[in-house]
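Following: one structure in structure tokens, then a few remarks.
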């Protein structure tokens with residue numbers, strides 16, 4: 001019996017007889033949080049849960065503080081809108097798609113002309129020389145350019161000169177920009193399809209998918225209307241198609257969209273607007289510390305609105321639209337939140353726009369011999385101009401802040417590129433991801449919102465209470 005107890009003590013196990021002598025410290029071991037090459041990294045799920053709870057608790061405190069200070073500010077009607085604003089919104093919403101049908105008429109005429117050329121070649125008849133053919137295609141290009149320019153110019157004029165409410169103005173100009181990009185893609189794509197058709201290269205240089213609807217059979221009103229409503233900015237004669245509509249899926253996406261829009265409405269009316277109004281004096285008097293504090297406070301609200309808006313548009317609305325149209329390719333975004341560099345973010349968070357810029361702006365320039373760095377600069381400049389139109393025109397303050405913000409992404413892209421390609425692995429990628437979040441969501445968006453709001457307040461003064469962003 002004594003021998004068995006002794007063996008248990010030596011083995012480090014509790015002895016039935018000697019309860020106070022079994023070995024606790026039997027080998028060399030590091031502390032759990034001490035990093036050593038052969039140590040197994042501990043899980044931090046508990047800390048993650050704690051941080052989540054603390055985030056919820058701190059935001060609940062801020063919500064209670066806001067309610068105690070301002071009361072309940074949310075109204076379903078939102079801010080009053082002038083009847084003229086509604087009238088111009090309806091006019092522009094109905095008129096803007098008409099330019100897409102003008103593009104169709106131009107392409108229908110060009111397709112008929114192309115059929116004549118191909119028919120003449122098949123009959124081995126002499127047709128127009130290359131110079132006349134080039135002039136004809138030049139006329140088509142001028143017609144398309146004029147159509148697109150008039151459409152966007154008209155929208156900018158009406159929004160800037162006739163629509164005062166920023167919410168109505170933003171919806172109007174966003175719709176115009178989307179249709180303008182679709183008109184441009186429709187023209188560019190059919191130009192190349194027409195060139196391949198006339199030169200007999202349709203079977204060689206075009207994607208296999210396009211053989212299901214070859215040029216000029218794609219120039220139909222049905223084909224155009226599908227592209228008009230399709231959740232893409234890039235025209236193709238044919239798109240991958242889903243086998244059937246899932247009505248339960250559609251109902252879920254519709255509910256998500258409504259709930260998220262309600263969340264954005266509450267965040268803007270209850271939290272953002274009081275904070276922005278209270279920030280005007282600090283900005284006008286250049287109280288830097290106070291402005292920084294306001295920006296940091298606004299960053300939380302801005303981030304909530306940004307994430308809710310992203311999910312509402314790219315996950316809920318575009319998937320709903322795709323399901324209704326049986327549009328098969330649903331990759332409207334990828335995991336941009338894990339971006340270790342800004343280049344990855346800009347090519348993954350809004351893929352419809354990214355696809356348009358790559359297909360119709362960046363790639364054609366590179367194909368014509370433009371250096372890649374210069375092509376990237378031109379692409380970001382073009383994107384910056386669109387951002388300024390999207391923000392500056394509806395707020396009636398073309399300040400260049402959105403444009404400059406896009407251009408400032410370029411040095412940050414090269415910086416985070418170097419970090420993401422670094423040899424130190426995880427730490428450098430983590431640094432790149434933090435730079436993305438800090439530059440874009442902590443300071444970038446909130447600061448831009450504050451600047452445009454204060455510019456609006458300085459321009460319209462007391463009118464802000466009746467035409468505030470809903």
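All residue numbers here begin at 1 and follow the chain in the order shown.
Glycine is treated like the rest: Cβ placed from N, Cα and C.
From the options 363-386, 435-458, the stretch TrEMBL describes as transmembrane segment is 435-458. Between the transmembrane segment (435-458) and the transmembrane segment (86-111), fewer than three CB pairs separated by 6 or more residues in sequence fall under 8 Å, so the two stretches do not touch. Beyond the transmembrane segment (132-157), the same-chain residues lying 6 or more positions past its ends with a Cβ under 8 Å from any Cβ of the stretch are 92, 95-96, 99, 102-103, 106, 109-110, 113, 117, 172-173, 176-177, 179-180, 183-184, 187, 191, 194-195, 198, 389, 393. Within the same chain, residues 78-79, 81-82, 84-86, 88-89, 92-93, 96-97, 99-100, 148, 151-152, 155-156, 228, 233, 353, 356, 386, 389-390, 393-396, 456, 463, 467-470 sit at least 6 positions outside the transmembrane segment (163-181) and bring their C-beta atoms closer than 8 Å to a C-beta of that stretch. Within the chain, the transmembrane segment (254-273) has long-range Cβ neighbours (under 8 A, six or more residues past its boundaries) at 66, 70, 72-75, 78, 298, 301-302, 304-305, 308-309, 311-312, 315-317, 320, 449, 468-470. In sequence order, 402, 403, 405, 406 constitute the residues six or more apart from residue 387 (active site) in its chain with CB-CB distances below 8 Å.
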